[in-house]
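Novice: This is the structure, below, for whatever I ask next.
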Amino acid sequence: MVDVDSFITEKVTEIEDAVGDENAVIALSGGVDSSTAAALAYEAIGDQLTAVYVDTGLMRKGETEQIRETFSYMDSLRIVDAQERFLDALGETTDPEEKRHIIGEQFIREFETVAKDVDADYLVQGTIYPDRIESEGTIKSHHNVGGLPEVVDFEGIVEPMRDLYKDEVREVARELDLDALVAERMPFPGPGLAVRIIGEITAEKLEVAREANHVVEEELEEYEPWQALAAVIGKATGVKGDNRVHGWVVSVRSVESRDGMTARAQEIDWETLQRIQSRITGSHENVARVVYDVTHKPPATIEYE
Ligand code: XMP
């Protein structure tokens, strides 16, 4: 990229020319790529663009609020509260791949509803250069929104950042005043907290997982992990106050990695681990135990499902 200002000017014109008088949609994931593509496209075509954020209920703590705040200037922003529909669709499903599939399908259904509603002819995507060259075997290979172009019949797809690297996207984001999103953020899987809950997804397990992930991200920031996370992995007996409880077991995991293909579990000091334990067991009456996962990848994966 030669220069951020001229890149933005050039892309704004390109998007205007591509979309013309038609309407366009973009799916916001909460990450920097889709957010930057949305801001860029909005600069070009204003409210002809509908940015769609589907609140699946599987997102990190505060994610929906952050989207609402960051894009409050877009009149056409659509935040779809689909939490109950995702929970219903997942029902009692326990198989990891089946859960991923249900989430992907439901996402497409939610997005398609809005795309039809606003009569969208164009799909804007935040695809960047590494997504295109690493389409196999890496993080984005199983990303939920990958199937959108095939499912919804668009006249065209606009990918303004298809030749940019991540650091260049961050430069553009900064220029577009998306400062809150520019800070290095850990990768977060498309199916969200669903891959951090073993077995059936319930509202209570989600509540525990969301808070525990928040605690872990906060406490382990200084270790600069590739990813730090918490998963609800089962139930075990504990004592809370004077009562024995059969409560959730939360596993904390923090790994360093270059590309997610292999990973090393990080060594965390005892005091920090104890603080995490205390915050997580204190966060919900039904959390009985916190354990720390010392397994590298391989043989484990980074996520739990
Ligand atoms: P695993 O668990 O396979 O994770 O070691 C490797 C990297 O991929 C992410 N991951 C996903 N990302 N959809 C995604 O968008 C998924 O279904 C998915 N599963 C795992 C994971 O967070 C890690 O960065």
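Keep in mind that glycine also has a Cβ here, set from the backbone N, Cα and C atoms.
What TrEMBL says about a protein is an automatic prediction, not a curated fact.
Keep in mind the model is a prediction, meaning the values are calculated, not measured.
So TrEMBL says this about it:
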BINDING   SER29, GLY30, GLY31, VAL32, ASP33, SER34, SER35  ATP binding site
DOMAIN    2-185  domain 'GMPS ATP-PPase'
Novice: Where does SER29 (ATP binding site) sit in the DSSP three-state scheme?
Specialist: coil
Novice: Quick one: average pLDDT across the domain 'GMPS ATP-PPase' (2-185), no decimals.
Specialist: 90
Novice: Tell me the coarse DSSP state (helix, strand, coil) of SER35 (ATP binding site).
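Specialist: SER35 (ATP binding site) sits in a helix per DSSP.
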Novice: Among the binding-site residues SER29, GLY31, ASP33, SER34, SER35, name every one whose Cβ is found under 6 angstroms from ligand 1, counting any of its atoms.
Specialist: none
Novice: I want the residues beyond SER29, GLY30, GLY31, VAL32, ASP33, SER34, SER35 whose C-beta is within 8 angstroms of the mean position of the ATP site's C-beta atoms, in chain order.
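Specialist: So the extra residues in range turn out to be LEU28, THR36, GLY126, LEU181.
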Novice: At 10 angstroms around each C-beta, which of the binding-site residues SER29, SER35 has the fewest other C-beta atoms nearby?
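Specialist: Counting other Cβ atoms within 10 Å of each of the binding-site residues SER29, SER35 gives the minimum at SER29.
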Novice: Including all protein chains displayed, how many Cβ atoms other than that of SER34 (ATP binding site) lie within 10 Å of its Cβ?
Specialist: 22
